[in-house]
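In Swiss-Prot this protein carries:
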type     : residues  : note
ACT_SITE : 370       : active site
DOMAIN   : 444-519   : domain 'Disintegrin'
DOMAIN   : 520-575   : domain 'TSP type-1 1'
DOMAIN   : 1320-1368 : domain 'TSP type-1 5'
DOMAIN   : 1371-1431 : domain 'TSP type-1 6'
CARBOHYD : 84        : N-linked glycosylation site
CARBOHYD : 105       : N-linked glycosylation site
CARBOHYD : 619       : N-linked glycosylation site
MOTIF    : 189-196   : motif 'Cysteine switch'
């Protein structure tokens, strides 16, 4: 299980019917079944009742020190057991609401608002044996678990024998079988549904609106997740209606424990506020096998049933559906899905929901996983670097691996995700504490509630039982299904018995009853400031503290408060030639393979999520998110005028003083916190009317702002911008006019606008370098006006900052009278920036804060009253509440001075005492007599006594408190017998694929333990079954199939990013020690058909140069000579054109009608002269001549491979010579070691330019040789680099050449080149120029240049004509369409626009539109969009006002049912003012005494308008006019007085002085005083009407 999931054993025991009826327990799950008859006794063991329901236990006041106790006694195996139990008041809150819904009709909804206090916890005692813990529910008999002599025993009533009045109800007690040790791993899994982009954009937009309210530091605050849990009808059908409630609470308690684990890094409480149990299917909630549809239906349904307002006790923040349906990813398959939720959907009314499939107690991990997705947590390894290492288990792993002895925890990435989610303010709904009516969890360890057999029945059905001696139960739970043992690779839950006096806890078998002590977390000290995240350009340093002193353990509280601080550093700007910080982060991925290739990554800006790292491969448009968060200090918006930077993945605002969230701004000329007094505006007009080309208009200096450049009137001229470098233009340079738009110029953005012929340039600035304004003259200039704002010259030079201490204003006086204290605080000031952080000033020179007294006039006297003391009597007359009353005056904030009562005479004196409990009659008491003798002589008898009500108060005695009149008495034992009732089996089950071991299973015979050789191996990720491993076969009759599956947690996030944006060549072939793609590998024709090989196919595209090893075509039996080929330069014009003049047209320029590269024969390029197409020409290239002798080329290494980079050479034997035949084609060939010419029967078409450097040579005309060389042609194969021609054409043309001569054999034998004699009168001959190689852009033309003698050496090389030159017809232009703009309206019909430009395809330089007119039609620039009808806005109820008075703000949720489909202009307000009335209220005192005992009197009370903030009365009562004025008087004693003749008063009965004092104190109104002092207190006059019937004025 999980470290941190340590459930306190002192809380809930068993809810009613947790274990199910007795008939549902399989006989193999019980041992030692006994029948007992428990009775209720008192603390001393005296009999009280056969009735086990503790009706006398009533829940006392919450402040009661201890709960009521109950005692039970029973005889078990001849031993007398005494149960001492106490009520568990914390299982459910007083306002617990459990709804049972039937047939979707509200009238049939049963709501349980209270539960009986029949859940008891305590211990069992035995005089001899060791007792232990007991958790018993006494709601319907005794049902639960207790420990005796370190063994677990279960007790429950016998259903076959109902309880009889006056008789003890029979119960059965049975032991729980112990299990062996096990060990293995386990897997389980769920998957979150990704949140929609609309939701993410909505959240980001909300975050930006809340920026001003957010603090810069990271604060750890307690969060309360108020949860609605819904159990569907399948759950009720499976578990049974009485049991499902306790089962669900047990699951949710385990989930709450997971979220209390310290590894999550935040104090989060999972609280169930509402539980809905669906006995029938809901009309509006359709639960199907299709997981997506079920989640969608449930999210809609839970939103409708949610209570409005966070303050409602049953309002929930998230909803969880638990179902027994077998969930499937799609309609019918795959069906291994266990859970579904929306990522980052928490607190969203429509998306804060999840669905989980019930598979037994491991359901808790599924619920925790899906709830983690709602917190915005991604799977570990998905978009982050927290992929599970080995088998280290994490809760958010895509496939959870439960390693032995290692509990599930939260990974570092999960902690960062949830912290970022909360710091962004996306969890505002979690800030409010739950109201009354919250459900408390059962905190008994789940293994105590559900033993191993019960856990097996939950997973596999009623007939399943625990397989003993298979593995350690704390690691893996194995259950029987038929004759085999199955396992879902889950460990048994905490509290499961794993041996004698032991249970499982955190994956380990520990002594039973062991519960680690709860330890609350404590903050460590602040760490040192970290290294600055950047060396320039505003970096971030941070200091943080951890909740590690100590680390919270065992349900201890997590630390609350500030956990991280930030400070900016290295504020100086970076060098301009350095790439951006975001670009540097993208380039870190250049060395990583992406789709099988290496790419150069460039950044892509993302305004919706500016702090995520989005990049794309250079020259490709598709983008990828490479990191979830950029490094601290990365600008949020690259290229904009903004200082905002990213910190921990959140965009933080930076003021001009470079303090986070300071709000400091610059004035219009760049002075931080300035008032514009130092700004100077420069305005000039350029009036030269005539000019040629580009003419300077004026210079805008660096630091200029509010720049405006415009033509005075329309003209055909063009504005241009350039830097101080004459060759560097920002706009409209190089005689090219650009389109309207925004252009980056000198560190700022200029907006270029042209309406008709009138041009304007605007920019907010500031410029980082001087910018020249130019005018490109086309006609007469009507004038150009420009202006800008800059700081005055005296302040333009950069000055070092000056920091000093300054006093701020005096604080407000905290009191209105009685002397208060005002303080004057110090601030650190900078001369230009104003108030800055105190760290910039010298602390040694810091002056002291100033103080002074204020409002020293004395406060008026007022009555001070203390708290009411308890009533002096609890019943009957004569009891009083009393309190102290003093006249005091405030002389300070915390000091009061006592005065004489006369000083408060202007105020009515509050009452010092009032009667209490006089209406409560005191109860009577019971009296008891002595016990009689026992009624029997042996065994159990009865003795009696008398019980009487001692009635001396006139109140009957309480029957519930009446003592018993009879009790048991026990003498020497009598013999008696017991009977045993056998029962059937019950439980629950499921059918899902799982790992199982087939075992010859016998429920009555233990399964033998595997031998050490068959110890389990680590679980593999694959599904392969190793059937041949002998170590997997245990000895004896047990055999293990080990069919393993790993799909409990299915990853719904399919990796769609691997779609190729180009062909991926990931398969590589090793050729000659080099790894090359497969499309470059040499071809391999059949070995009996040697084929001459030209350049390797694809070598030109891949840019691969060098020698190619030959295909292994030649065998020792082959008589055909091999042809040696090498790769050649890619471009035939490389020798004639410079790099600047090389043909450039479209992005991939190819020369028309030329096969390139030409065939190469051992480094010599072969071609055919136009005059004689049948000659195979060999180009001389002395630079490629190897220095090694010809014979060295045939040397082989020991393994038979040729040495050196060249191919195998020709054999040394000469070619046989025969006379030439006119019908056969002949070819000259110089058989030097570096050049071989062969007759192929093909015509090779090559670039004519090369023929100037070629010379004809002749090959032998031996038919045998020709047959051998032409073999490839006759068999239909051809070299990849040669172009065949028909044989007829070849033969015809070759017969026309008289210069064809056979080779001399000696030349071939010697291997020497042929020497040709120089010709006389030779001259250069040129052919016609070819057409331009391109139709647009920069191309090339060439011509044939050759010597008339056929040998270039006969002609003068210095006078050789140019064979090629470049040509340029026109620019290659094409329409380039930009991205469509955002639709002007999301619904109701809108339009989107885009920019369409005519550009040069070479460098994407903008051109005038006429360049593209010959081509395709210009693409449209506008299209319709957002045609769907608009939906109405959804508004929630208003939340509680932020202030109780004095003006506050109310908020409500305003959202669109379908994001983007609502009219933005009609969006309702989400805030409104509230409680605008002043902070005053009427305060009333207690009603005074009635002015008359009868005949109509008046009661009066004090009514004052009091300021609730100061606690003082307001002089103006109109300030309380927002409340109804309470009555200050009311009539009383309206009954008529009896007409009794007053007795004659002779004298006062009390002493005269005492009566005079009472009269002065106003006591004569009291009837008793008036009767005792009849002379001093004359009777009331009846002639004057009472003022009690008059309305007293309000003021």
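Yeah, the Cβs are placed from backbone N, Cα and C, and that goes for glycine too.
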If I restrict to non-local contacts, at least six residues apart, and a C-beta distance under 8 angstroms, what lies near residue 619 (N-linked glycosylation site) in its own chain? none
Give me the CA-CA distance between residue 84 (N-linked glycosylation site) and residue 370 (active site), in Å, as a whole number. 42
Ranked by the number of other Cβ atoms within 10 Å of their own Cβ, which of the recorded positions 84, 370 ranks first? 370
What is the three-state DSSP composition of the domain 'TSP type-1 6' (1371-1431), stated as helix, strand and coil residue counts? 4 helix, 20 strand, 37 coil
Residues in the domain 'TSP type-1 1' (520-575) per DSSP class, helix first, strand next, coil last, are 0 helix, 16 strand, 40 coil
Over the span of the domain 'TSP type-1 6' (1371-1431), how high is the average pLDDT in this prediction? 88
